[in-house]
Amino acid sequence: MRIGILISGRGSNLKALIDTCAEPGFRGRIALVISNRPGAPGLAIAEAAGIPTLVIDHKEYASRTTFDAELDQALRKAGVELICNAGFMRILTDEFVEKWRDRQINIHPSILPAFKGMHVHQRALDAGVKITGCTVHFVRAEMDEGPIVAQAAVPVLPGDTAETLAARVLEAEHKLYPLALRLIVDGRARVAGEQVVIDYDGETLAGPLFVPAV
C-alpha cells in the first residue's frame with residue numbers, strides 16, 4: 001500500500017510511521033510526505049529516510065478549494081492509496097475529505113469523542129479527568145469525527161501541567177499510530193457504516209481497539 005503523509009511541523013509522529021514502514025515484512029511504503037509549511041522540520045526527517053517530499057504552501061493559494069485541489073493532484077500523481085495526517089494543521093474541504101473517504105486517517109490527542117479541537121490537554125486538566133489518551137480515526141468532514149480505529153489510555157497524574165501531560169500522550173501517539181496503520185495496511189481494520197471492525201489476534205471486534213499497555 002502506498003502511503004502519503006501530511007505534516008505541518010516537527011514530524012514526531014511522521015518519524016514513528018517511517019520507522020514502522022521500514023520494518024521487515026511491512027506491507028506499505030511511504031510514497032510522499034507533503035507539508036503546507038516551508039521549512040517544517042518533518043521534511044528533513046523524511047528526506048533523511050530517502051522519502052520524496054513536497055511543499056504546498058497554503059499561503060500561495062487564494063482559497064482552501066484551490067489548495068486542496070493541488071494537494072489532491074499531488075497525492076494521486078504519487079499513487080497514494082492511504083493518507084496519514086501527522087500534525088497537519090489545516091482544515092480540509094468537505095470535497096477533499098469525501099474524495100478520500102475511508103482512505104485518510106488522523107491522530108488526535110484525546111480519547112474521542114472527548115475534547116475535540118484545540119487546547120486538549122489543558123481542557124482535560126480543567127475537567128478533572130483521571131484518564132486521557134489518543135485516538136486514531138478515519139477522517140470525516142466534521143472536525144475530529146470519524147470511525148475510530150484505535151485508542152490508547154494515558155493516566156493524568158497529580159501535579160500534571162498541560163505540557164507534562166502532552167509529553168506523555170505524545171509517547172502513546174508514537175506507539176498507537178504505527179499500530180493502527182499496520183492494522184489497516186494488513187487489511188485487519190475495515191470501515192463498516194460508521195464503525196471500524198477489527199480482526200485482531202484471530203478475533204473480530206466491533207469498535208475501537210483499546211491499548212492499555214501503551
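Any Cβ shown, glycine's included, is placed from N, Cα and C.
Just so it is clear, the model here is predicted, and its values are computed rather than measured.
For the (6R)-10-formyltetrahydrofolate site that TrEMBL gives as Met89, Arg90, Ile91, Leu92, Asn106, the extra residue drawn from Arg64, Arg76, Arg123 is Arg64. The binding-site residues Ser12, Asn13 differ in how many other CB atoms lie within 10 Å of their CB, and the one with the most is Asn13. Site extent for (6R)-10-formyltetrahydrofolate: the farthest pair of Cα atoms among Arg64, Met89, Arg90, Ile91, Leu92, Asn106 sits 19 Å apart. Across the domain 'Formyl transferase N-terminal' (1-181), mean pLDDT in this model comes to 97. For the recorded positions Arg64, Arg90, His108, the ranking by surrounding Cβ atoms (within 10 Å, all protein chains) places His108 first.
Sequence-ordered, the extra residues of this chain that approach the N(1)-(5-phospho-beta-D-ribosyl)glycinamide site, with Cβ no more than 8 Å from the Cβ center of Gly11, Ser12, Asn13, are Ile7, Gly9, Arg10, Leu14, Lys15, Ala16, Gly42, Ile45, Ala86, Gly87, His174. Relative to Ile91 ((6R)-10-formyltetrahydrofolate binding site), the recorded positions Gly11, Ser12, Asn13, His108 all have Cα atoms farther than 10 Å away.
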